[in-house]
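In what follows, a structure is listed as structure tokens, so that the remarks can point back to it.
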């Protein structure tokens with residue numbers, strides 16, 4: 001044998017080449033800047049490849065612990081840093097949450113989301129929340145919770161309870177984030193999302209537009225979401241509700257066509273995700289909501305209140321879907 005043949009094999013691991021992002025911010029901006037009809041046509045084509053274009057999932061959101069949050073998110077009425085007149089409340093009893101879930105199901109919802117205004121839950125909170133999750137799932141409803149930042153063992157505990165989705169929004173682009181929040185870093189959010197993913201829970205992650213950000217910064221948010229590996233299974237898009245007493249109470253209202261564009265861009269860049277119309281629907285008239293469905297939104301939050309802000313009344317939503325010939329279903333992906 002030659003010296004080369006008898007030499008010990010190397011133990012060094014080859015360094016992998018950096019993976020290029022699927023979507024550069026410039027690419028997302030290019031989508032935003034397409035003529036409106038072209039953008040919606042492309043989004044609708046993408047939507048039909050993966051979903052029934054006339055199916056909408058109805059989700060109901062319940063605030064299970066309201067107010068007193070330690071974070072200083074500039075848009076939020078529940079922050080203890082802002083004087084919005086909202087009184088802090090304790091975590092709801094399990095039976096009360098399950099009663100609300102039953103009502104939501106009776107009203108046509110197939111997804112029930114539970115939100116708590118915490119920076120992060122204490123371990124003592126996890127057990128009653130697990131009971132809520134199990135009880136809601138026993139009703140045949142899809143479950144989602146949003147509790148703030150999670151530790152690894154907390155994410156695993158929620159997964160053991162059968163949680164379907166954990167919501168933890170990025171809110172905006174990394175570049176604009178510091179103008180909205182100072183008490184939690186962008187990386188804090190990404191770390192929680194990684195723990196959720198590692199625990200085997202589906203990720204629900206989106207953001208809020210209309211906070212004074214530029215189109216480039218909106219594109220930065222979409223690129224950040226779309227470049228996650230994998231991208232979120234659920235992407236809620238919120239239209240800012242300017243709440244008196246918050247730093248963003250005087251924010252200029254977003255052009256509704258820009259909101260529709262954002263829905264379309266989210267659909268194109270994350271084709272298999274549930275794209276959800278979330279807070280701020282009250283600011284969109286029926287025609288604009290119809291355009292959002294055309295752009296690829298296939299879920300909406302349903303009921304009179306989202307956490308602490310108003311929402312179109314359930315009866316109005318049912319009438320709108322009927323006028324459009326759309327049906328309230330689970331809007332599951334088409335089979336391959």
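Quick reminder: no glycine exception, Cβ is built from N, Cα and C everywhere.
The structure displayed is predicted, hence computed values, not measured ones.
The annotation [4Fe-4S] cluster binding site is assigned in Swiss-Prot to 69, 73, 76. Under the DSSP three-state reduction, residue 73 ([4Fe-4S] cluster binding site) is assigned to coil, being neither helix nor strand. For residue 73 ([4Fe-4S] cluster binding site), other Cβ atoms within 10 Å of its Cβ number 22.
According to Swiss-Prot, the [2Fe-2S] cluster binding site annotation covers 113, 144, 204, 276, on the basis of sequence analysis. Note: residue 276 ([2Fe-2S] cluster binding site) has non-local neighbours 57, 59, 206, 234, 235, 236, 237, 297, 298, 299, 300, 301, i.e. same-chain residues 6+ apart with C-beta under 8 A of its own C-beta.
Feature annotation from Swiss-Prot assigns domain 'Radical SAM core' to 54-281.
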To what whole number does the mean pLDDT across the domain 'Radical SAM core' (54-281) round?
91
Rounded to the nearest Å, what's the C-alpha distance separating residue 69 ([4Fe-4S] cluster binding site) and residue 113 ([2Fe-2S] cluster binding site)? Just drop the number here, would you?
18
Quick one: Cα separation, residue 73 ([4Fe-4S] cluster binding site) versus residue 113 ([2Fe-2S] cluster binding site), in Å?
21
Residues close to [2Fe-2S] cluster site centre defined by 113, 144, 204, 276, Cβ within 8 Å
59, 61, 111, 146, 165, 167, 234, 236
Provide, as an integer number of angstrom, the distance between the C-alpha atoms of residue 113 ([2Fe-2S] cluster binding site) and residue 76 ([4Fe-4S] cluster binding site).
18
Provide, as an integer number of angstrom, the distance between the C-alpha atoms of residue 204 ([2Fe-2S] cluster binding site) and residue 76 ([4Fe-4S] cluster binding site).
19
